[in-house]
Amino acid sequence: MNILQNITVLGSTGSIGVSTLDVIRRHPERYRVFALCAHSQLEKLFEQCCEFRPRFAVLRDAPLASLLAERCRAAGLDTEVRHGIEALIELSSLPEVDAVMAAIVGAAGLEPTLAAARAGKKIMLANKEVLVMAGELFMRAVRESGASLLPVDSEHNAIFQALPTDFARGLTACGVRRILLTASGGPFRNTPLADLQGVTPEAACAHPNWVMGRKISVDSATMMNKGLEVIEAHWLFAAPPERIQVVVHPQSVIHSAVDYADGSVLAQLGNPDMRTPIAYALAYPERIEAGVEPLDLFKIGRLEFFDPDFERFRCLQLAYDVLHQGGTAPAILNAANEVAVAAFLDRQLPFLGIARLNEEVLSKVQAGPEGSLADVLAADAEARQVASRLIKECRFA
Ligand code: NAD
Ligand code: MG
């Protein structure tokens, strides 16, 4: 298949967005950038517009969008600049769009990604919060529209590669015993517990193996990220929580594995570089060059594996708890966590306060059924409100 595909990149200025554009840049005969969408990084988005000449560019607010439009006009580009959530939804579902890279961070990506699912697009999903918040709704939309869903999160991409192509028949029918979801353990895997309280945002964002956006970096440090990924795996692969085993693997070379009934374990290995799963999702079922260094097993030398410490990484336990609870409970945890991480990055909350705040919000906000998008958004809003209030009251200082 070599027809040119039109791609909308949601979150083009972020870590995943930039890596996506790097893979696209290597294959101009395959991919054309249709729309580039970002929050407020005007300068970076303008540079991307100059290089990729998209039909559309989107920023969140009108004043910044006007500035970008002016810059584009002055540079002789015919890129049309839009703003706001409506534009994101439209540019994820227009008939000309073949594929959408969902790489906005957090709940802000939910509606456009859901729109892409409803419109039957090929969705390359990095924005795991979509599945955490509205897994049932999103997977239903994918099934009903016939959209194709390709996981970009490295672990889920690895699992997807290690599963048979007809895994939708059900894991048991496919002879799958367990999913082995690997985790690096983040920068504080061995930090004495007593030292965790005073951890700074800079230290939390210094991930040993991956360079990522700030929110996911903090999530990796608390292992909330792995918790969100357990929920993500549950929805993507229809896997019950007890079949998803988290394995701490500090080298981040095995990106995850599938354990089969006959004793076979199939894993996907590679250097920790997101361009591998991005290229896989872009070209599926083909394989294309991604600019990633070949894996040198001799240089790596050894691979280690440990049990996760659920006491130290309380957020991981909370994720299993909300998954068992179901309904809007995962959306509540996700919202609390987004507020907690933002407050931590803003030095309003200590590192250990993130898990405590998440737990407190879960105990205060009543979860209900995940009936509609409105239910999910209401749970999200209430959890944010409660979390912000608790922070203001300095309950976790
Ligand atoms: P990032 O912070 O580097 O980038 C986020 C992008 O989203 C930016 O382009 C930003 O402008 C855009 N954005 C944020 N809020 C927006 C809004 N309201 N409207 C429009 N655009 C908005 O984040 P990232 O590390 O690239 O992560 C993106 C997503 O991918 C997250 O959900 C993360 O969990 C997931 N992910 C990232 C990695 C990684 O290696 N970075 C790996 C796996 C999964
Ligand atoms: Mg991951």
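Quick reminder: no glycine exception, Cβ is built from N, Cα and C everywhere.
The annotation in TrEMBL ties Thr13, Gly14, Ser15, Ile16, Asn127, Glu129 to NADPH, and of the candidates under consideration, Gly186, Gly198, Gly213, the one tied to the same site is Gly213. Among Glu80, Glu86, Glu90, Glu229, the residue that TrEMBL places alongside Asp153, Glu155 at the Mn(2+) binding site is Glu229. When the domain '1-deoxy-D-xylulose 5-phosphate reductoisomerase C-terminal' (149-237) is classified with DSSP, helix, strand and coil residues number 44 helix, 11 strand, 34 coil. Here the domain '1-deoxy-D-xylulose 5-phosphate reductoisomerase N-terminal' (7-135) has, by DSSP, the following mix of helix, strand and coil residues: 65 helix, 27 strand, 37 coil.
The Cβ of Asn225 (1-deoxy-D-xylulose 5-phosphate binding site) lies under 8 Å from the Cβ of Ala183, Gly186, Ile216, Asp219, each of these being in the same chain and 6 or more residues away along the sequence. Close to Glu129 (NADPH binding site), meaning Cα to Cα within 10 A, are none of the binding-site residues out of Asp153, Glu155, His207.
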